[in-house]
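One structure is given below, encoded as structure tokens.
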Amino acid sequence: MVNDKAVSGGLEWRVRMADGSPSEVLVPESRVFQRICWAIVGPVFSLMRKVRRFFSKAWDVGVDDPRKVMHCLKVGVALTVVSLFYYMRPLYQGVGGNAMWAVLTVVVVFEYTVGATLCKSLNRATGTFLAGALAVGVHWIASQSGERFEPIVLRTSVFLLASAATFSRFIPVVKARFDYGAMIFILTFSLVSVSGYRVDNLFDLAQQRLSTILIGGSMCLLVSMLICPIWAGQDLHRLVARNMEKLANSLDGSVTEYFKDSEDKLENEEDTGKKLKEYKCVLNSKATEEALANFARWEPAHGRFSFRHPWKHYLKTGASIRNCAYCIEALNGCINSEIQAPEYIKKHLSGVCMGLSSQSSVVLKELAHITKTMRKSSTIDFSVEDMKGAVQDLQDALKSLPTQINTSKQPVGEAPQEKKMDAIVAHTTIPLIEVVPLVTAASLLIEITTRIEGLVVEVDELARLANFKP
């Protein structure tokens, strides 16, 4: 009874049965008001938490790369200036009712980098000019063919040219550099041709459309290049150099993770995990490199990069970097393998393997420094020779590995016959499958050095084509 009262806050209902059986106590539902309030206020607090998390992530994005904030401000400046053609009557009368096309051009064309903005601006202007000129020419031919055949000529021209332009978008060269221009060509030609059937002065319509697009595109280029420009070429240059540094860190982390003791693995597990994951960024950078190289070709000369800078060779260098990253990915497969070689056999190769990875990392970091500073190095040849010497040491250690397996567990002070039997036992108690991951890891290290030598050749070629300073 006391417990029931405590639950119900001192209020209870007692029901007396007609047959004289013991009465039952009905406890009312507790805290109903609090649950109703929480059902109303709870979603509000949940929404506020989501909004706070959103703004926190947005703040982190801005702090991580302030150039993104600057890009947003530049878009706002360009739209504000172009909108004057719509608000100010003298400017509005100069371009006619098509002033809104300038605003739409800024929204569509303004991209993050100068190269991307220049690419889309030229594509849009060229596509509009060609489509407008062809539409005016087709309209004149259709008007000369008579009122009966005029709609037939217009519809036929729209079908043929739109189909041909759409097919051209499947051609790799056109798709890579002129896909947006082909789409604008289809859109402009269709609009001008169809509307020209009801418009008397079609030439003025095409001229106003082209002028507004030129105004919008010019404003995008001026703002993009004059206010804190973001060059696609510089981003590509930094990306390739940064990928080499990430590759060196991943190689060091992978070999250290494989050969260090189990007790040491727990100490710097977080730092080692970050280094191991860096090679994945290298493997996923192909699409970014191709896009940046495509946009960099459109950019004018800026900084240390000339107009005909070998941007295409950066793609070959990036491909060589990814070839090394594939081997590091396979090396991580050996690290995470459930079958591991005995510790005393791993110690036989740990010194030479870690020495080789150290020399390979030195070469990669020096290549990254050469690319970043655009200056040739006088010590890169010596570093490559040291790496080749470390490869020779590893090959010698691999040749002595069978002897190490046979003799490492022989007891001291026993008869020769007993030593022979113990050697056979020691040899037979180590399955071959336990040694395979260790030999595979060593072979992958040798393969990585071979691919690094190919990367050295690509960087030397890049230095020659781009005229790196001595």
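Backbone N, Cα and C atoms are what each Cβ position is placed from, and that goes for glycine too.
Here is what TrEMBL says about this protein:
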type	residues	note
TRANSMEM	32-48	transmembrane segment
TRANSMEM	69-87	transmembrane segment
TRANSMEM	99-118	transmembrane segment
TRANSMEM	125-142	transmembrane segment
TRANSMEM	154-171	transmembrane segment
TRANSMEM	178-198	transmembrane segment
TRANSMEM	210-232	transmembrane segment
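Here the transmembrane segment (99-118) does not touch the transmembrane segment (178-198). Their Cβ atoms form fewer than 3 pairs under 8 Å, with each pair 6 or more residues apart. Under 8 Å from some Cβ of the transmembrane segment (69-87) lie the Cβ atoms of residues 62, 94-95, 99-100, 102-103, 105-107, 110, 112, 212, 215-216, 219-220, 223-224, 227-228, 230, all in the same chain and six or more residues away from its ends. Here the transmembrane segment (178-198) touches the transmembrane segment (125-142). Their Cβ atoms form 3 or more pairs under 8 Å, with each pair 6 or more residues apart. Outside the transmembrane segment (154-171) by six or more residues, the chain places 134, 138-139, 142, 179, 182-183, 185-186, 189-190, 193-194, 196-197 with a CB less than 8 A from a CB of the stretch. For the transmembrane segment (125-142), the list of distant contacts is 149-151, 153-154, 157, 161, 180-189, 192-193, 196, 202-203, 206-207, 209-210, 213-214, 217: same-chain residues at least six beyond its ends, Cβ to Cβ under 8 Å.
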